[in-house]
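This report refers to the structure that appears directly beneath it.
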Amino acid sequence: MEQQDPIKKEGRLTPVLALATLIAAFGSSFQYGYNVAAVNSPAELMKAFYNETHYSRFSEYISEFSLTLLWSISVSMFPFGGFVGSLMVGPLVNRLGRKGTLLFNNIFSIVPAILMGTSKTARSYEMIILSRLLVGICAGLSSNVVPMYLGELSPKNLRGALGVVPQLFITVGILVAQIVGLRSLLATEEGWPILLGLTAIPAALQLLLLPFFPESPRYLLIQKKDAAAAKNALKRLRGWDDVDAEMEEIQLEDEAEKAAGIISVLTMFRMRSLRWQVISIIILMGGQQLSGVNAIYYYADQIYLSAGVKDQDVQYVTVGTGAVNVLMTICAVFVVEYLGRRALLLLGFSVCFIACCVLTVALALQDRVSWMPYISIVCVISYVIGHALGPSPIPALLITEVFLQSSRSAAYMVGGTVHWLSNFAVGLVFPFIQVGLGAYSFIIFAVICLLTTIYIFLIVPETKGKTFVEINHIFTKMNKVSDVHPAKDELKDIPLSAVEL
């Protein structure tokens, strides 16, 4: 009975854990958000630069078709790079560790920042295209590795809140890019190279500061077999010396899957014991992007203009929308441990479903009913709120929670690949859908939101307050297997009370 006190001890947000979270999220996740939005404001200025560069080389201006193609390639290089970065996650985190991968990833930020910052002086739009590929790789790695790193650093009672922090910094990065990208600031003929090059600042800070913080204790113990280093990391993160209970929980996870080793993506797809976990992350990551979030932002400017917002003022309304996104993600940080992951997903996708349905009606009637454009604005804001509460931050957090150490890196590769391919698909296909369906384009996204909501309600369990082993114990029942991995009986024999933290 005396040994149960440390087992029930809850983790706290120590200075080391808080700073490691902030440095990892600012140095990596912030860059992702910043580079998503950085090219939006100066787009016309950059196209003019492409045209002038072509003229200086060939004494003729580029054709409209070729200019559109070049710009489309420049924009699409980012999600393509994200896809490439997602494929690199598994090999890098298993070889370099979680922290080591984040440090290595700064190469894909600092180098392109220098290239983009000097591209105008060098008169080379090829440098911008290459840089967009490189910052995309950076985003593909950071969008997967930061949630994994923070999820493995956190005690279970803070895992949800800290797991939402990467998405919070993505939204902050978007907002900062929107602010510094105002026409009165850096969205100018001389300022846009600086705007693009600023992404080097968070990378440099992370490169300087993150080495002083611990590697993932789970990586150190389970994959590196370094119990002493894992224990020291836990002591620093928890702020106390008595970490035996948590060490025991990690060792139980190691024992429960010792025969599996490091699982590859192909092996993971073949394993019956991981069937519903894999299906769930594919549906959640696909639903996150295919629910229409990028389409909403794409359409937002037209909606604001139709409501009477002046063209020169749309940029300020866009900043306001970005601020709402940040505020609601902050709310998610504080309520995720109270309401749980499942509730936020259900709430978020339901709000997005309703917003898409009402927006469809509002867009269809806006030429006949004078006040409908204002309903459209309400729908856009409501959609942003709903997505920020659940669909944006929770899926990446769940990948950390529903997979054990041996399969987690492969799971992030799959989830990241689905995320970036879905992102790319929406960007490629939505303009054609908009031309073909017009106001009814958002019905497609409403259906996807509804189907994702139904799946979550029927299949996805609540993971709040549970250890990784306990969560996988839930899935063994769903997968109709007796243990975590085939041919092993450890999990069913592990008393759940023994792995409480």
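Glycine is no exception: its Cβ is also placed from the backbone N, Cα and C atoms.
Feature annotations, reproduced from Swiss-Prot:
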type	residues	note
BINDING	Tyr32, Gln167, Gln288, Ile296, Tyr297, Tyr298, His387, His419, Trp420	D-fructose binding site
CARBOHYD	Asn51	N-linked glycosylation site
MOD_RES	Met1	N-acetylmethionine
TOPO_DOM	1-18	topological domain 'Cytoplasmic'
TOPO_DOM	40-68	topological domain 'Extracellular'
TOPO_DOM	92-98	topological domain 'Cytoplasmic'
TOPO_DOM	120-126	topological domain 'Extracellular'
TOPO_DOM	150-161	topological domain 'Cytoplasmic'
TOPO_DOM	183-192	topological domain 'Extracellular'
TOPO_DOM	214-277	topological domain 'Cytoplasmic'
TOPO_DOM	299-313	topological domain 'Extracellular'
TOPO_DOM	364-371	topological domain 'Extracellular'
TOPO_DOM	395-412	topological domain 'Cytoplasmic'
TOPO_DOM	434-439	topological domain 'Extracellular'
TOPO_DOM	461-501	topological domain 'Cytoplasmic'
TRANSMEM	19-39	transmembrane segment
TRANSMEM	69-91	transmembrane segment
TRANSMEM	99-119	transmembrane segment
TRANSMEM	127-149	transmembrane segment
TRANSMEM	162-182	transmembrane segment
TRANSMEM	193-213	transmembrane segment
TRANSMEM	278-298	transmembrane segment
TRANSMEM	314-334	transmembrane segment
TRANSMEM	343-363	transmembrane segment
TRANSMEM	372-394	transmembrane segment
TRANSMEM	413-433	transmembrane segment
TRANSMEM	440-460	transmembrane segment
Task: For Trp420 (D-fructose binding site), the number of other Cβ atoms found within 10 Å of its own Cβ - done: 27
Task: Proximity verdict for the transmembrane segment (127-149) and the transmembrane segment (440-460), three or more C-beta pairs under 8 Å - done: no
Open item on the list: I'd like the per-state residue tally for the topological domain 'Cytoplasmic' (214-277) from DSSP, helix first, then strand, then coil.
Closed with: 47 helix, 0 strand, 17 coil
Task: Contact ranking winner - 69-91, 193-213, 278-298, 440-460 against the transmembrane segment (99-119), Cβ under 8 Å - done: 193-213
Open item on the list: I want to check the contact list for Tyr297 (D-fructose binding site): same chain, sequence separation of six or more, C-beta distance under 8 angstroms. What comes out?
Closed with: Thr321
Task: Tyr297 (D-fructose binding site) - helix vs strand vs coil (DSSP) - done: helix
Open item on the list: I need the least crowded one of these recorded positions (Tyr32, Asn51, Gln288), counting other C-beta atoms within 10 angstroms of each C-beta.
Closed with: Asn51
- [ ] Could you pull out which residues elsewhere in the chain have a CB under 8 Å from any CB of the transmembrane segment (440-460), counting only those six or more residues past its ends?
- [x] 276, 279-280, 283-284, 287, 290-292, 295, 299, 341-342, 345-346, 349-350, 352-353, 356-357, 359-360, 363-364, 391, 398, 430, 433-434, 478
Task: Other C-beta atoms that fall within 10 angstroms of the C-beta of His387 (D-fructose binding site) - done: 25
- [ ] By DSSP assignment, list the helix, strand and coil residue numbers for the topological domain 'Extracellular' (40-68), in that order.
- [x] 21 helix, 0 strand, 8 coil
